[in-house]
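Everything on this sheet refers to the single structure shown next.
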Amino acid sequence: MAGRWQLCILAALTFYLLMCGVEADDEVTVTEEKLQEEDEVEEVIYATPKMIEGVYLMETFDDVATFEDAWVKSQAKKDGVDENIAKYDGVWSIEPAERMALTGDRGLVLKSKAKHAAIAVSLKRQFTFSTKPLVVQYEVNLQNGQECGGAYIKLLSAQEGNVDLKKFNDKTPYTIMFGPDKCGNDHKLHFIFRHTNPLTGEIEEKHAKRPRDKLEEPFKDKKPHLYTLIIRPDNTFEISLDQEVINSGSLLEDFSPPVNPQKDIDDPEDFMPDDWDEREKIPDPDATKPDDWDEDAPMQIADPDAVKPAGWLDDEPEMVPDPTAEKPEDWDDEMDGEWEAALINNPVCSEAPGCGEWKPPMIDNPNYKGKWRPAMIDNPNYRGKWKPRKIPNPDYFEDLEPFKMTPLGAVGIELWSMSDNILFDNLIITDNVADANRLAQETFDLKVMKMEKGQNLWDKIFGNRGVMWTLYFLYLLVPTSLIIYCLLKKVYEDTKADKDAEHKKTDEPTEDDPQREGETDRAEEERDAEEEQDGAEGEGDPIDGEREDSEEHGRGEGEPDTSEERGEVEEKHASSDLKSDKQTSDAVDGEAAEESEESDKEEQKTGKDSEAEDGQIRTSPRLRKVRRD
């Protein structure tokens, strides 16, 4: 049994270690499976979209030469950080997606992590916020997920003269920042615009309210997602994720801090007067403490009516040293201190109402009133809660057209990310929503189509973690099955052992006992013989019938038919029958003797009490019947 348990445990541990190795190579396995799936998926035909007329920027990143001519990698350094990480030295590359890539489709990929990276491109022409909406749309694929970092873009503010994009950094003025960002469990979809104070010229960031929907999935599913921002001249905005609106509102009402300050503010030089009384209730000044009010009276007193029970042993302690306790041999008085026996309940007290000094029980003091306080009354001088007076806000302004932001001159991506292989694709800036929808149909919709064709039922149920769910299931199934098998095996063997032990105690034949099988066969033979005997009684002696048939047959062949001759024949038959019966009896007696001898040997092996078994000889039913006959 111990060996079987060791084998089960060893098998479970071996499987666990094997699965750990499989999990360690899970990413490689998943990648290989994805590549195999891509080969089997029906090809979705993709062609680089043609440039849409009238757009301010449209970039598909399919043409490497065009990209290198237009986009500029920053060579600046970030202020206020360590010199080793201040430089914008992140690596950018133009390449297809790692999974489910459309043939001929490429994107801008940030290859490095834990590095500052910045890259920018100028718009074809400056975008001025006037009478047409601003539409910004682009794809992001966090191919390795996102631990901490962003994938947002900045719409850089237009400046006088040509902007030097090689100096693009975190301090470069921007008008709008838009896109996903995450660190820890904080998932965001930024929409920040910088508003210029018309009075002071100061610039302040305005942050949109958080979306209603949760944003965790795009950061972990490793699939492309489409982000769209629409800002309209009526000061409304709309944010979509994968062509579904997840946030919308007003530039005037749904940003923090609000665009327009309060018209009136608290006077910073106004203070509460000394005689201003904010107390609604005050102690009654005319109230006096009653003469019989004793503030020193205790809350509880000893019961004056209590009487010490008869037989109370005042001189006996409740606990006494254990008289049977002995000082340990290794006890050192210098190291361990003076040895004292453990205390036990005083056995004398068990027969008495109590031991030790008797004290009456405590009861509530009927004269207790506590500390006296005067009653509370309405304050006749109450003037309410004081608040500073309101004055006109000297910095107040009212901008009813926050849509008219600082014009746009370029688009930049300035990031710090702890994840690599962040893919940007199909960026468009336009003033026509139809242009963005058209580009999405020719690019993003095709990617979704290919992913859906390559997605099996397992992936639809468990998402991109189907392989991991399989491993987790096997983690639990196989070791659990081994343990259950061993437990059931042990229960079966224990039950069988109990039955064997019971058989040895009672000597009761078991189902597979050869002796029992022999007895069963002999019992069946006896039943058959009895049935034959009963049938013979109703039809006559089978032997006599045979003899009559023989006589008739003999007579037909010329045998003697006289009474003397028949007598001689009958005597011969009787003599033959007696010999046959004697041989049968001798054989049966021999079998009975052998069975009795084997039974005696078995009784000696089982160790039964010899006195209880003296004179008893186990016989088979067949032998007992022969002896009765």
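Quick reminder: no glycine exception, Cβ is built from N, Cα and C everywhere.
Listed in TrEMBL as the disulfide partner of Cys148, from the options Cys20, Cys183, is Cys183. Here the compositional bias 'Acidic residues' (266-277) has Cβ contacts under 8 Å with residues 379, 381-383, 386-391 of the same chain, all six or more residues outside its ends. Close to Cys148 (disulfide bond) in the fold, though at least 6 residues off in sequence, lie Lys182, Cys183, Gly184, Ser417, Met418, Ser419, each with a CB less than 8 Å from its CB. Assigned with DSSP, the residues of the region 'Disordered' (251-332) fall into helix, strand and coil as follows: 0 helix, 15 strand, 67 coil. Cys183 (disulfide bond): 13 other CB atoms within 10 A of its CB, across all protein chains.
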